[in-house]
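Chemist: Sharing the record's features from TrEMBL:
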- Asp128: active site, proton acceptor (ACT_SITE)
- Gly11, Arg72, Ser73, Gly102, Asp103, Gly104, Thr105: ATP binding site (BINDING)
- Arg21, Ala22, Val23, Val24, Arg25, Arg155, Gly186, Ala187, Glu188, Lys211, Lys213, Thr214, Ser215: ADP binding site (BINDING)
- Asp103: Mg(2+) binding site (BINDING)
- Thr126, Ile127, Asp128, Arg163, Met170, Gly171, Arg172, Glu222, Lys248, His254, Ile255, Gln256, Arg257: substrate binding site (BINDING)
- 3-279: domain 'Phosphofructokinase' (DOMAIN)
Amino acid sequence: MKKIAVFTSGGDSPGMNACVRAVVRTAIFKGLDVYGIYRGYEGMIENDIKRMYTYSVSNIVQRGGTILKSARSTEFRTPEGRKKAYENLKAHGIEGLVAIGGDGTFTGAKIFHEEFGIPVVGCPGTIDNDIYGTDYTIGFDTAVNTALDAIDKIRDTAAAHDRIFFIEVMGRDAGFIAVESGIGSGAEFVMVPETATDLDAVVLSLKNLRKTKTSSIIVVAEGDDEGNAEVIMNKVKEKIKDKKKEFKVTTLGHIQRGGNPTARDRVLASRCGMAAVEGLLEGKFACMAGIMNQEVVYTPFGDCIGKEKPLIQDHLKLIEYLSI
Ligand code: F6P
């Protein structure tokens, strides 16, 4: 293998730049030519592909976002789109790919490999942490710290006004951000897509808590089965029937996707990037380089997207025990 390319795809995450840098520099260190594909699969189809050098990735290890830009491509879902993408790679002589992204990115990479045989190694880049085969995903730690910072500020004003706040964090299908930011901020409740939310139990606990606490923080993952934070707040308000109690909603939104990556995310991203290039050179072809128990682990894409990554049960217990 002499030429490889790297791209970022799907929702961006802090640390993607550190990962791109690690891929480019490791590839050059190993004597390979390396290319950057802009806007993920979209740029692969449109031939938005440029040679990268060591200086192309200078001064980015600390920056959020992704210098390669990101997109969610609908054309790549079609056989015609994937054929165009393959022809472009062939024209450049690219023989291997590093795909930085989440489950959508790996689903595309798996199909692409099956159709054209091109080796692809992935790096787990998503704030959601919902990828099997790695303890943490690149960007998760930063997103949790961003959410924590915001929740700490909200707690100040919640306490000053004796209010109940419902704070919505990202996580369409996974509650990892909600759980860790909930533990770190001392939330009274955390609502996540993985477990059924019992609103009657929440209302009862809120009534009991009122004897010891005058304000409460409830962290809601956007994909909770009872709805988003606003919907849930209205349901709880209706059930509590206390005209004097004030309820507020804050949606943290895309603030969680930006910002300088934490040290943890920079190290994780750098390790995964290096491991992805080493994997390609060792003949790995449709798998993700992740870190489990401090070791590099290569997991087939099929498992990364097909196997469930459960929440840590102790974390849920912590919230229940410590919120009394
Ligand atoms: O997959 C990462 C994620 O941030 C989810 O938590 C969120 O639901 C989604 O992306 C938002 O995507 P977009 O930026 O396309 O609205």
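Just so it is clear, glycine is given a Cβ too, placed from its N, Cα and C backbone atoms.
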Chemist: Taking just the CA atoms, what is the gap between Met170 (substrate binding site) and Gly11 (ATP binding site) in Å?
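Modeler: Counting only the Cα atoms, the answer is 11 Å.
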Chemist: Going through the binding-site residues Gly11, Ser73, Thr105, Glu188 in sequence order, which have a CB under 6 Å from an atom of ligand 1?
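Modeler: From Gly11, Ser73, Thr105, Glu188, counting a Cβ under 6 Å from ligand 1 as near, the near ones are Gly11.
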Chemist: Distance check, please: Cα of Arg257 (substrate binding site) against Cα of Val23 (ADP binding site), rounded to an integer number of angstrom.
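Modeler: Cα-Cα, rounded: 22 Å.
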Chemist: Within the chain of Lys213 (ADP binding site), which residues six or more apart in sequence place their C-beta under 8 angstroms from its C-beta?
Modeler: Glu188
Chemist: In Å, rounded, how far does the Cα of Arg21 (ADP binding site) sit from the Cα of Arg72 (ATP binding site)?
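Modeler: Cα-Cα distance, Arg21 (ADP binding site) to Arg72 (ATP binding site): 22 Å.
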Chemist: Rounded to the nearest Å, what's the C-alpha distance separating Arg72 (ATP binding site) and the residue listed as 'active site, proton acceptor'? Just drop the number here, would you?
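Modeler: Pair distance, Cα basis, whole Å: 16 Å.
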Chemist: Could you say which of the binding-site residues Arg21, Arg25, Arg172, Lys248, Arg257 has its Cβ with the most other Cβ atoms inside 10 Å?
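Modeler: The residue with the most neighbouring Cβ atoms within 10 Å is Arg21.
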Chemist: Let's check the environment of Ser73 (ATP binding site): how many other CB atoms sit within 10 Å of its CB?
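Modeler: Around Ser73 (ATP binding site), other Cβ atoms within 10 Å: 23.
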Chemist: So what sits near Thr126 (substrate binding site) in its own chain, CB-to-CB under 8 Å and at least six residues off in sequence?
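Modeler: The list for Thr126 (substrate binding site) reads Gly10, Gly11, Ser13, Gly101, Gly102, Asp103, Thr137, Ile138, Gly139, Phe140, given in order along the sequence.
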Chemist: According to DSSP, folded down to helix, strand and coil, what is Arg72 (ATP binding site)?
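Modeler: In the DSSP reduction, Arg72 (ATP binding site) maps to coil.
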Chemist: For Arg72 (ATP binding site), what is the tally of other C-beta atoms lying within 10 angstroms of its C-beta?
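Modeler: Its Cβ has 17 other Cβ atoms within 10 Å.
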